[in-house]
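Participant: Here's a structure for you.
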Amino acid sequence: RAFARSLLWLLGFIFWGSAAALAFGGVLVILMNTDYGYLFPESFLSLPGWLAVAASIILLPTGVLAISISVKSSHYQMGALMYLLLVLLCLEMSSAILACFYIVWLPSEMQSTMSYLIYQYNGTLSQGPGSKVVDVVQRKLQCCGMQNYTDWLKTTAASCHVIAENACVPESCCKEAYSHCRGDLGHLEQLFQEGCLKKLEDWFHFVMLYMFWCCTMIGFLELLAGVSNGILVKYQSLYNFSFL
């Protein structure tokens with residue numbers, strides 16, 4: 001019983017720190033969907049992020065309850081803690097399963113979509129969302145093309161948005177240090193030469209893997225809290241829990 005109280009007290013503080021870690025992962029997923037969501041129009045990419053944010057908010061009062069119960073047992077607080085732990089487990093396991101699914105599903109979808117968008121690119125002056133997302137990806141990840149900058153040589157002439165005698169790439173391939181850069185392939189030192197696909201896959205994999213392990217580890221800690229709370233429940237009268 002004393003060990004259960006001590007463990008519950010410790011887990012209460014850990015839940016507060018875990019809430020910050022979970023919220024961080026959730027915000028990363030939501031921002032990732034904001035920046036690159038057009039690559040996956042039929043997916044619910046932001047859903048694991050919102051589930052994680054909701055779980056992080058619920059973790060705060062859960063931590064307070066755990067600490068309070070460890071100091072002074074209350075059957076109302078114990079019942080409320082069990083309910084919150086159950087809700088948290090549902091949210092976090094759903095988020096972890098979705099993250100695991102996206103880790104498997106996204107790479108092939110990403111490759112086909114990126115290939116299509118680059119081929120259909122109409123330049124930075126275009127209002128098309130496809131062209132905009134290509135520019136956003138290349139600027140944010142400091143990359144050019146899918147595998148490398150030579151991918152732009154395989155596209156139609158319309159993909160070159162500046163009038164030039166030499167072959168060129170979008171201005172989003174230009175390094176920020178060269179303000180006069182117009183994507184001319186005659187000046188490769190002014191351009192990002194790494195491909196976007198590998199960088200994008202690595203970023204997506206990191207974020208989703210972070211979400212998966214974060215939800216899994218916090219879920220395990222919540223199971224420990226549930227067991228500790230259950231041990232303390234044994235010393236309470238069953239009549240006190242009739243409201244459950």
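The backbone N, Cα and C atoms fix where each Cβ goes, and this holds for glycine too.
Copied straight from TrEMBL:
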- 7-30: transmembrane segment (TRANSMEM)
- 50-71: transmembrane segment (TRANSMEM)
- 83-105: transmembrane segment (TRANSMEM)
- CYS144-CYS160: disulfide bond (DISULFID)
- 203-225: transmembrane segment (TRANSMEM)
Participant: Count, for each of 7-30, 83-105, 203-225, the Cβ pairs lying under 8 Å from the transmembrane segment (50-71), and report the range with the highest count.
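Facilitator: Per the Cβ count, the answer is 7-30.
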Participant: Which residues, sitting 6 or more apart from CYS144 (disulfide bond) on the same chain, put a CB under 8 Å from its CB?
Facilitator: GLN138, TRP152, VAL169, PRO170, SER172, CYS173, LEU191, PHE192, GLN193, GLU194, GLY195, CYS196
Participant: Are there residues at least six beyond either end of the transmembrane segment (83-105) with Cβ under 8 Å to its Cβ atoms? List them, or say none.
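Facilitator: That would be 22, 26, 43-45, 47-49, 51-52, 54-55, 58-59, 61-62, 65, 204-205, 208-209, 211-212, 215-216, 218-219, 222-223, 225-226, 229.
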